[in-house]
Amino acid sequence: MFSNIRELLGDERKTLRKPLILLALDTIFHMFSYAMLYFVLLDLLDNDLSISKIKTYTIIMIVALIIRALVNSKGYMGIQIKGARAIQKMRISLGDHIRNINLGYFNKNSIGNLSNIMTNDLQDFEQTLTHSTSDLIKTVFLSLYLLAITFAIDVQLGTIQVLVVIIAFPIIYYGGNKVTKIGKHKKEVMNRVISRLVEYLRGMQVFKAHNLAGEKFERLEKSFKDLKKESIRTEISIVPYVLLFQIIVDLSFPILLLTAVTKFGTGTIGKKELLTFIIINIALTNVLRGFAAQYGKLRYLKLASEKLISTYNEKEMSYKYEDVNFDNYDIEFEDVSFEYEEGENVINSLSFKAKEGTMTALIGPSGSGKTTVTSLIARFWDIDKGKIKIGGRDIRNINPDSLLKHVSMVFQDVYLLNDTIYNNIKLGNPNASRKEVIRAAEIANCHEFIEKLEKGYDTIVSEGGSTLSGGEKQRISIARAILKDAPIVLLDEATASLDADNELEIRKSIKELTTDKTVIVIAHRLNTIKDADQIIVLNEGKAEEKGNHMQLIKNRRRYYNMYNEMERAKRWAI
Ligand SMILES: Nc1ncnc2c1ncn2[C@@H]1O[C@H](COP(=O)(O)OP(=O)(O)OP(=O)(O)O)[C@@H](O)[C@H]1O
């Protein structure tokens, strides 16, 4: 477990050394109370306990207590503050790390698991670091200290005491293994609870619409019950082992006492030694009992550190260059293949070139890979075969964060943050002035509706943007992209039926956004498709046809049929 803590903390662990040493020192001063008890008993036995001696012992006790209070508070405060700082750094670095992992990681890990890692596991780790580690250090330090004194008194007594620990420890260790095993299961149940809770809250509208809210809640309630069961199972799993451990330790006390008294009777040890041994034995029994009670918790917390390490071990996307200056913004796919799940190719040997400043429309049946193509350009995923180049450079050589500086994205699923409208637009360019934000909103045709809101740009949007209409959210996301002013625009045109006004506004703002940019658009509107410089008809991840509208009409293949169908649908709609 300590190696896990070392690995997770890195250099930050050095800052914890001082408070841990102070806490270990505290155990030495803790021994003063036993030492004073020893002297008092000794004086009583010798009939030599005077008022002045009592005064001296009391003063020593008070001084020891004051030193303990100082050392302990400094050590405790230090470990809390330094520990909290180390954990805060870990939170940020873990967030950064997760951000840089291939998105496949999110496919493999449920939202429950991810939330659990970022909240509970980190919190459990913090708990281990700031509380349990110092307790464990104190216990080990104190036990070794007491054992050393026992050995100094009598080797045989010391050996018996070590034997007791050797017999008792495997029991508690085995119990700890059980906690780890059951704890793993508890964590899985906990992940399920979080996933179900998120699913329930996010899908509330849909569940209500389909009269499923009660049914869904039953599932959620069942997961709560499972969690309660698992929590109790984890808590009580170690109890028999702790009890057995404590019984062995308790039983060893009279056995050791009998041995010591016998030794005293035969004159092997003297009166002082016997007295010291009795006091040491009482202290050691208490320390070991306390350790047993803590051990299960420590083993459960070990799970958290293992989970965190395995998250850190997920490989980040590699790159050669931190940042690059592109000579141009041509986008090229060279024989690209990609699969989300092994053996299920979604993009198949796809090649095309989108020249700088042109618009390429992707069309094709649902599931043909249109969204995937745009995700690959943004390097949300790394491809399995071929090359994707921007301005002649392989995007796998570029830091994904820097690459995204050159790309604006407007998707159908607009996600707005629980913040002001102003800040939501400003996300496009955190350095923009208020004037620039408003200008972008004007170009995106959302200034007017924002101004009509009671607090205008300072209106707080609910999480996900649920207090705004689909068209309003989309225009805000276009304003964001306009503010970013990136040379590449990836766009998924809305399919949701927008009212005529909204659609016109959005069309106008998209025009502003895409002028002079390299645009890849998942096109749903005939106008966009017809105006595109290049149309790629995707089917099962392959480019079935490529060309402009007139060329593809002449081909009389899939595009021709799709186009006629769209025309017919348009007439029906009218
Ligand atoms: N994150 C993912 N993990 C696994 N498979 C995925 C993932 N995203 C998409 N897919 C699968 O990849 C295939 C292509 O999906 P994609 O979303 O690119 O298609 P699309 O042409 O954009 O579809 P639509 O027009 O319905 O939006 C589909 O079979 C889809 O199920």
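Just so it is clear, glycine is given a Cβ too, placed from its N, Cα and C backbone atoms.
TrEMBL annotations:
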{"type": "TRANSMEM", "residues": "20-42", "note": "transmembrane segment"}
{"type": "DOMAIN", "residues": "41-298", "note": "domain 'ABC transmembrane type-1'"}
{"type": "TRANSMEM", "residues": "54-71", "note": "transmembrane segment"}
{"type": "TRANSMEM", "residues": "136-153", "note": "transmembrane segment"}
{"type": "TRANSMEM", "residues": "159-176", "note": "transmembrane segment"}
{"type": "TRANSMEM", "residues": "238-262", "note": "transmembrane segment"}
{"type": "TRANSMEM", "residues": "274-292", "note": "transmembrane segment"}
{"type": "DOMAIN", "residues": "331-565", "note": "domain 'ABC transporter'"}
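Of the two recorded stretches, the transmembrane segment (159-176) lies close to the transmembrane segment (274-292), with three or more CB pairs under 8 Å once pairs fewer than 6 apart in sequence are set aside. Using the rule of three or more Cβ pairs under 8 Å, pairs at least 6 apart in sequence, the transmembrane segment (274-292) is in contact with the transmembrane segment (20-42). Between the transmembrane segment (20-42) and the transmembrane segment (136-153) there are 3 or more Cβ pairs closer than 8 Å, counting only residues 6 or more apart in sequence, so the two stretches are in contact.
A Cβ distance under 8 Å defines the sequence-distant neighbours of the transmembrane segment (54-71), meaning residues of its chain 6+ beyond its ends; these are 22-23, 25-26, 29-30, 32-33, 36, 39-40. Model confidence over the domain 'ABC transporter' (331-565) is summarised by a mean pLDDT of 88.
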